[in-house]
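What follows is a single structure, written as structure tokens, with notes after it.
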């Protein structure tokens, strides 16, 4: 491990922090700068070397992808110099991963862009957790692993990119990963025959003049990480679509996003642990979820669970949720606590992708 920074620049934008033990009681809006790298420049440090800019080619990566990041370095002095460029990544659990050093030769008054292309899974013996990664770039005057060296410049990027182990685009339903059950939920008969692939989308159909629906879940249990779905909801008032983590028995291990299947819709965020509801929040959506596709996300980590829609934070809690592995699930159905009005024509939940 080379000498990385241990305190990153923590900045966020458009954050809505919701705290509640029932429905929403308090909404605090915090607006700050975000996603902008911070560089130590010559004027900051008196050193003529600067990491001027950093650009990640993609917003999100898989562990087997090349990270593909460009780093622009400026030598403001009249001297030629040999440098070592280091990159440390911090995962959502606060753990560090160091990228191998890159040796660079700089001419006087030189500006160079260096391309780094590490494949992250090749650098870690442990599975890489999904979610947001921060990055710290450092310039050294010698190899910091083998020599006594000085750090000459840094560039810090909070929320530099997101990493996902799995991106499921549903060209087919992989039965080694996904399972659809037969059963009853609320007013709804769930059936695997209503779960299908149509027009490159995973679909769950709610047949006309019935209260029927469907459900899909992972066969394996999943644990800490980021879980995100891009979907368009059916138009079926008095029903809901759920995207959630769950393990039996009921009310012990569950983290929910539930959206009402109607144009003017509310969304529910709920955590269950120890046999009862621990937290619940409700908010109106600023869009029609039945008209277009939107992203819904659960970030689930040991010290916090957070809920996002289109990258905007809607609710977050630091306690009151299970710490055990659960199944990732999606369903669309008619709860017994709503009126149960059958749609007059077939309605369909459309899922473009799920990543986690």
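Yeah, the Cβs are placed from backbone N, Cα and C, and that goes for glycine too.
A TrEMBL annotation is a machine prediction, not a hand-curated record.
So that you can see what the record holds, here are the features copied from TrEMBL:
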TRANSMEM  12-33  transmembrane segment
DOMAIN    138-356  domain 'GH16'
ACT_SITE  254  active site, nucleophile
ACT_SITE  258  active site, proton donor
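In sequence order, 244, 245, 246, 247, 270, 271, 272, 322, 326 are the residues near residue 254 (active site, nucleophile), counting only same-chain partners six or more apart with C-beta under 8 A. For the residue listed as 'active site, proton donor', the same-chain residues that are 6 or more apart in sequence and have a Cβ closer than 8 Å to its Cβ are 240, 241, 242, 243, 244, 267, 268, 270.
Secondary structure at the residue listed as 'active site, proton donor', as computed by DSSP, is strand. In the predicted model, the domain 'GH16' (138-356) has a mean pLDDT of 98.
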